[in-house]
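Take a look at the structure set out below.
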Amino acid sequence: MADEFGDGDTVELPVGKEAVDALIRENSHIFSDTQCKVCSAVLISESQKLAHYQSRKHANKVRRYMSIHQGEEFVSAKKFKAAPAESSDGDDRSKCCPICNMTFSSPVVAESHYSGKTHIKNLRLREQGGVTEGMLHQAKKLVVTRTPTIATKIDNRMDQSDPTKFCKLCHATFNNPLMAEQHYAGKKHKKQETKTQLMTIYTSSGHTPAQAPIAINVNSPLPGSGSAGKGFSCDTCNIVLNSIEQYQAHVSGAKHKNQLMSMTPLSKEGPPAAGGPSALAGPPSTGGALSSGGPSARGFSASGGPTPKGPSSFGGLPPMGGLMPPPYPPPHSQPYVREDMMGPDGYTYFNKDF
């Protein structure tokens, strides 16, 4: 039975239940039937307790614990918690060290920390009014937390008129002039600049479809606008092109020109020529006296038949039957005039026997 730890270099394993119980009684401040504080283990049964205290793993941790605390008296858990010398804000001393900003998984680890050089150094600095590592760590967290807010305020107050800090064309911000120079020399900025120049030339030309063969109506983005970089739009053909080369090829192609000519408004027609469609006789009027235009005004020819309305009546050509427009040449200087008669019922008719 090993009821003594010796100098901490060698630890004998207890054998049997009696040896384990004796070990627990002699070291009750770190061992118990339900918990091993050195290993931070919870023991829920008798068999588990025996297996744990008789294991080599437990013995190695006890040996390491003894080597750290060699020559020191064991401090009970109650005394360990009751020492408020270095506690802060009510925190448990065995769980965290506010001076070094460290947390512990067990009282053994906490005691090892408090006896180490780092804690002693930070404690001395705190007593002298210096800055400890825990204070530095907290200050770093505070700086990291406040940095995005400060950066946002700086961006909001940034002078966008300074080209070394902001590119209006690409909506890009720069931290230093070297970054701005690299941006302005890059392909992305040059492509955006060429696109804006092309759009400015086309939109400021002021040409109309009747004046220029390649007049366009483009809903182009203005320099520095938010719509920059989304393609080249041709409202005439209702398409969007991806590059400047495609746009130039489109506006110089036959499809765009045909679409442009189809949108050109037609000119108003002049008065019809003599003998045109307007020379056709209109529909006969109803009611009272007839006009003095003779039978041709009613749609009848001199022979008593209807006037033809075919293609021969266009272009000043004489109608079918050899009749010519007045004045008639001799011996036909007096054309036939129909005699209209008025009946007793008020209707107009012509005499067949005339």
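Quick reminder: no glycine exception, Cβ is built from N, Cα and C everywhere.
These numbers come from a predicted model, not from an experiment.
Listed in Swiss-Prot:
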{"type": "BINDING", "residues": "C97, C100, H113, H119", "note": "Zn(2+) 2 binding site"}
{"type": "COMPBIAS", "residues": "270-289", "note": "compositional bias 'Low complexity'"}
{"type": "COMPBIAS", "residues": "310-323", "note": "compositional bias 'Low complexity'"}
{"type": "COMPBIAS", "residues": "324-333", "note": "compositional bias 'Pro residues'"}
{"type": "REGION", "residues": "263-343", "note": "region 'Disordered'"}
{"type": "ZN_FING", "residues": "34-64", "note": "zinc finger"}
{"type": "ZN_FING", "residues": "95-125", "note": "zinc finger"}
{"type": "ZN_FING", "residues": "165-195", "note": "zinc finger"}
{"type": "ZN_FING", "residues": "232-262", "note": "zinc finger"}
Near-site residues: Zn(2+) 2, ref C97, C100, H113, H119, CB cutoff 8 A to centroid: I99, M102, A110, Y114, G116, T118, N122
Coarse DSSP state, helix versus strand versus coil, of C100 (Zn(2+) 2 binding site): coil
Cβ neighbour count (within 10 Å, all chains shown) around C97 (Zn(2+) 2 binding site): 23
Number of Cβ atoms other than its own within 10 Å, given for H119 (Zn(2+) 2 binding site): 19
Other C-beta atoms that fall within 10 angstroms of the C-beta of C100 (Zn(2+) 2 binding site): 21
Summary of DSSP states over the zinc finger (232-262), given as helix, strand and coil counts: 17 helix, 6 strand, 8 coil
